[in-house]
Each structure stands twice: as structure tokens, then as C-alpha cells.
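> Supplied in C-alpha cells, the structure appears directly below.
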Amino acid sequence: MAKHLFTSESVSEGHPDKIADQISDTVLDAILAQDLKARVACETYVKTGMVLVGGEITTNAWIDIEELTRNTIRDIGYTNSEMKFDANSCAVLSIISKQSPDINKGINNIDPREQGAGDQGFMFGYATNETDVLMPAPITYAHRLVARQSLVRKNGTLPWLCPDAKSQVTFAYDEGKVVGIDTVVFSTQHVENITLPNLKEAVMEEIIKPVLPIELLSEHTKFFINPTGRFVVGGPMGDCGLTGRKIIVDTYGGMARHGGGAFSGKDPSKVDRSAAYAARYVAKNIVAAGLAEKCEIQVSYAIGIAEPTSITIETFGTEKISADHLTALVNEFFDLRPYSLITMLNLLQPIYRETATYGHFGREHFPWEKTDKAILLRDAASXIC
């Protein structure tokens with residue numbers, strides 16, 4: 001592979017789509033805290049002055065959707081009516097029904113190990129050794145930039161920042177290896193009375209420089225900070241937001257393929273979410289074991305059926321053992337039936353609100369980021385070679 005560029009983007013917790021994701025996952029967490037057998041598919045829509053929460057939920061739990069929604073918006077930072085979206089005054093509407101009994105019948109089984117997949121579909125997991133968290137560099141640093149924006153906004157370092165922001169980072173590669181950062185784009189919402197020169201200087205000094213490795217920057221790196229100038233109108237006033245509309249931001253920034261299913265608001269019986277987490281877990285352990293420098297795994301399911309309909313591994317020519325041997329190891333060490341992967345990764349717990357910002361992958365405290373199978377895979381592979 002010759003020299004090439006690759007770009008990924010991320011968005012802040014105050015981006016309209018991410019507000020929606022966080023509300024959906026906050027509802028999910030509140031339900032799971034009371035009812036681990038709940039079935040949740042929660043969708044959220046946000047626009048100027050209003051939030052609509054809908055979906056299909058079957059549970060014995062009681063939750064206050066309005067209060068959960070307002071608290072989430074308040075935590076993000078929309079607490080001023082001048083933003084035209086305020087936790088204290090926005091309308092909160094909810095339209096919730098129960099899960100279809102036809103779907104429920106296909107999922108539940110007398111033997112929990114034979115729990116069927118909640119829907120048909122295919123999911124991808126990916127890992128690469130180009131960063132310490134075994135994630136692609138472009139999406140990793142795009143996430144870290146918007147996370148830094150939130151930090152300096154909330155701790156008072158840059159009090160004139162507002163919640164909505166976007167980042168985009170273009171990395172340069174040579175023969176598949178990171179060699180530098182070509183371009184950085186950063187746009188942040190701000191209050192009225194900050195000048196553009198002051199904003200650009202502050203963003204560079206307090207957000208960009210503390211995050212991006214200096215050895216990857218050069219005199220040729222291009223920086224575009226609020227390139228359109230003014231960014232006062234943002235959040236749901238500027239754009240409507242919807243759960244599940246940032247699926248590439250949520251995963252690998254376009255570096256790997258995507259099955260199309262979103263994550264937020266879905267309980268672990270939905271393989272769109274849980275199997276994508278499991279696929280990341282498998283791919284990461286393969287790379288951590290040194291069996292490949294890059295690994296993408298696809299897994300697919302039929303609704304109501306426990307066993308995956310396919311498992312496919314792609315290592316882009318970086319494998320140390322054959323694809324057939326890798327597939328055999330995956331089948332030996334990872335049970336990807338829905339109930340088994342939920343148990344393997346301890347997914348029935350209220351941990352999902354945090355996943356809704358700054359990516360679902362690459363943060364070590366999530367259970368699907370463990371590399372506890374790497375030694376087992378390495379030892380088993382050594383017996384093959």
C-alpha cells in the first residue's frame with residue numbers, strides 16, 4: 001500500500017444526534033437498574049424546545065422519562081433559554097408501546113442458552129495495532145478532541161464554549177503505518193461575545209495541542225478552526241437530532257465496515273448492539289495476541305435463532321496464521337450465541353449512557369475492551385504453527 005490519507009470525524013455530547021443517543025441510553029440504564037429481563041428499544045428525537053421519546057419497551061420497571069430526559073439535557077449543558085433548548089423549559093413527550101409478542105416469542109426460550117437473536121442482521125468488529133487502545137488513529141483522536149472540548153467547557157477553562165462541537169482529523173499513512181497528521185478541523189459552538197481570533201487561539205492552545213501528539217504534527221499540518229466563522233446557533237436549534245444517526249462516529253470512523261444497525265437505546269438482546277460489542281472483543285483479542293496487525297470480523301444472525309449464521313474474518317494480509325485457523329480459534333474460545341455473549345461480556349448492567357458519547361470502542365473500562373483471551377489465543381496458535 002502506498003502513501004494515502006484517511007479521515008474520521010467525531011461530535012460532542014451536545015451535538016443534537018448525541019443528545020438523542022444519550023437520552024435513549026439513559027432510559028435504557030434506568031430500566032436495566034430495576035429489570036434485567038426488560039426489552040428496550042428507545043428512540044429519541046430532539047428539536048428546538050422539545051424532545052420526543054418513543055419506542056417499544058416491555059418491563060416491570062417504573063421510570064420517570066421526563067425527569068430522566070431533563071437531567072440528561074442538564075448534564076450536557078443546555079441550561080440557558082438563550083440556546084432555544086433548555087432542560088428546564090423544553091417540552092418532553094413520550095410515545096411508548098410494548099415489544100411485539102411475535103418478536104418476544106422468538107427471543108425467549110426455556111433454555112436461556114438457546115435465546116434467539118432479536119433480529120436478523122450482520123455486525124462487524126475491528127481492531128488495529130496503530131494505537132495503544134487497538135483502534136484506528138483518526139477516530140481515536142477525533143473523539144479525544146471533542147472530549148477535551150467538553151472538559152474545558154465544564155471546568156471553566158473556556159467558559160464561553162457551548163455544548164455543540166465537531167472534530168475531524170486526517171492522518172497520513174505510508175505502507176499502512178501512521179506517519180503524521182495532515183489536517184485538523186474543529187468547529188465549536190460559542191457565546192456571542194467571543195472574537196474569532198481569540199476563539200481560534202484558545203481552541204488551539206487548550207483543546208488541540210493537549211490532545212494531538214506533537215511528533216505527528218508538522219509545519220505542513222493544516223488547521224481549520226471554526227472555518228465558517230460564527231457558530232452561535234447550534235444544538236437542537238440549529239439541527240434536529242435523532243437516535244442512531246452517528247453509527248460511524250460510534251464505531252471505527254469508517255476504517256471498518258458497518259452492518260447498519262445503531263446501538264443506543266437497545267437492550268443487549270438486540271444483536272445490533274451486543275454482537276457488535278462481541279465482535280470488537282474478538283477482533284481486539286486477536287490483535288492483542290499478535291495473531292494479526294489488523295482484524296475485522298463479521299458475524300450474522302437469523303431472528304429467533306441462537307447460533308450465528310456466519311462468522312468471517314479478514315486480516316488484510318497481516319495475519320500470522322491462516323484465516324481458517326483463526327476462524328477455528330474464534331469458534332473454540334468465543335461463544336457468539338446471544339445469551340452466551342451477553343454473559344461473557346456482562347452486558348446486563350446499566351453502563352450504556354457513557355457509551356453514547358466519544359465512541360463505543362477504545363475505552364478500556366468497557367467489558368468488551370478486555371484482552372483476557374489474548375494469552376489463550378496466542379498459546380493455542382503456537383501449537384498450530
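Every residue, even glycine, has its Cβ placed from backbone N, Cα and C.
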> So Swiss-Prot lists Asp164, Ala165, Lys166, Arg230, Phe231, Asp239, Arg245, Lys246, Ala262, Lys266 for ATP; which of His4, His15 goes with them?
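My reading of Swiss-Prot gives His15 as the candidate in that site.
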> Glu56, Glu201, Glu307: which one does Swiss-Prot list with Gln99, Asp239, Lys270 for the L-methionine site?
Glu56
> Which Cβ among the binding-site residues (His15, Arg230, Lys246, Lys266, Lys270) has the fewest C-beta neighbours inside 10 Å?
Arg230
> Any idea what the Cα distance is from Glu56 (L-methionine binding site) over to Ala165 (ATP binding site), rounded to a whole Å?
31
> I need the nearest neighbour of Lys270 (L-methionine binding site) among the binding-site residues Asp17, Ala165, Arg230, Asp239, using C-alpha distances.
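Checking each of Asp17, Ala165, Arg230, Asp239 against Lys270 (L-methionine binding site), the shortest Cα distance is to Asp17.
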> For the C-alpha pair, I'd like the distance in angstrom between Glu43 (K(+) binding site) and Asp239 (ATP binding site), rounded off.
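So the alpha carbons of Glu43 (K(+) binding site) and Asp239 (ATP binding site) sit roughly 17 Å from each other.
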> Quick one: average pLDDT across the region 'Flexible loop' (99-109), no decimals.
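Average per-residue pLDDT within the region 'Flexible loop' (99-109): 61.
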> For a quick check of packing: other C-beta atoms within 10 Å of the C-beta of Glu43 (K(+) binding site), how many?
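By my count, 22.
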